[in-house]
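Novice: I am attaching a structure below and will ask some questions about it afterwards.
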């Protein structure tokens, strides 16, 4: 099975207008990603405010994205839920709609044991034959995969990757030492993208590439072409933007940045609220200094 979990993947924002999905803005955003040759997009993840979507909105968001992209790049759906039956429903619907694969985190809030985490993903794996990426974001979910659980899950044939949002630089090396075969590790933390690539990860799931897809793509291309200095220079240039996009809870800052660039309305759903005036000021200043235009 071809492993598409590699390269630059954008954790896409979900545009809203008047408390509804803004499908016109979605088309513009997706076409910008395709224009800059982003390797794949993640729809309805944390950055995409998945928890605020109704099931009907979730289906509409995926279906519209699949239609717009029209096989021009892979689409990954977010299927995280602390209700295993509902996570399975999301995965099955993703398959029906035509996405290429899906990502899921350990169930949040309920604090399952490692065995419970394994059984959750085993159930997902048995219910839907799409490729699966594990999503490690313990600051959000409250629980994480142990290395041993990752090893067990990697033996299920369609669990092919791990998105690691942490900063433990030893973790990719530990996992690569015990997990054999076609299993990819990607970083989901923009600030440590190069540090993690130096430890053997093969991809980057980025928030920043919503706003600066061209620069993010150039950074990875330079790294993959062994131009370490060139990659470092772009990374240093982007560092203030990485930090600005996490001044407040993601996706609050990136949604404002997208609005400032004319990509969508600055509309975010409760319990999240729009960026503070202080954050807006910093974001505008950094985008202007980088001469980012869409």
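Any Cβ shown, glycine's included, is placed from N, Cα and C.
This is the feature table in Swiss-Prot:
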{"type": "SITE", "residues": "46", "note": "site 'Part of a proton relay during catalysis'"}
{"type": "BINDING", "residues": "47, 205", "note": "pyruvate binding site"}
{"type": "SITE", "residues": "109", "note": "site 'Part of a proton relay during catalysis'"}
{"type": "ACT_SITE", "residues": "135", "note": "active site, proton donor/acceptor"}
{"type": "ACT_SITE", "residues": "163", "note": "active site, schiff-base intermediate with substrate"}
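Help me see these features in their spatial surroundings.
Specialist: The Cβ of residue 46 (site 'Part of a proton relay during catalysis') has 11, 78, 137, 140, 250, 251 as same-chain neighbours under 8 Å, each 6 or more residues away in sequence. DSSP assigns residue 46 (site 'Part of a proton relay during catalysis') to coil in the three-state reduction, placing it in neither a helix nor a strand.
Of all the Cβ atoms in the protein chains shown, 24 others lie within 10 Å of the Cβ of residue 47 (pyruvate binding site).
Classification of residue 109 (site 'Part of a proton relay during catalysis') by DSSP places it in coil, neither helical nor stranded.
The secondary structure of residue 135 (active site, proton donor/acceptor), as reduced to three states from DSSP, is extended strand. Neighbour list (residue 135 (active site, proton donor/acceptor), Cβ cut-off 8 Å, at least 6 residues apart, same chain): 45, 78, 80, 103, 104, 105, 162, 163, 165, 188.
A 10 Å cutoff on Cβ-Cβ distances gives residue 163 (active site, schiff-base intermediate with substrate) a total of 27 other Cβ atoms nearby, all chains included.
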Novice: Cα-Cα, whole number of Å: residue 109 (site 'Part of a proton relay during catalysis') versus residue 205 (pyruvate binding site)?
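Specialist: Counting only the Cα atoms, the answer is 24 Å.
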Novice: Report the member of 109, 205 (the recorded positions) whose C-beta atom has the most other C-beta atoms within 10 angstroms.
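Specialist: Of the recorded positions 109, 205, the most buried by Cβ count within 10 Å is 205.
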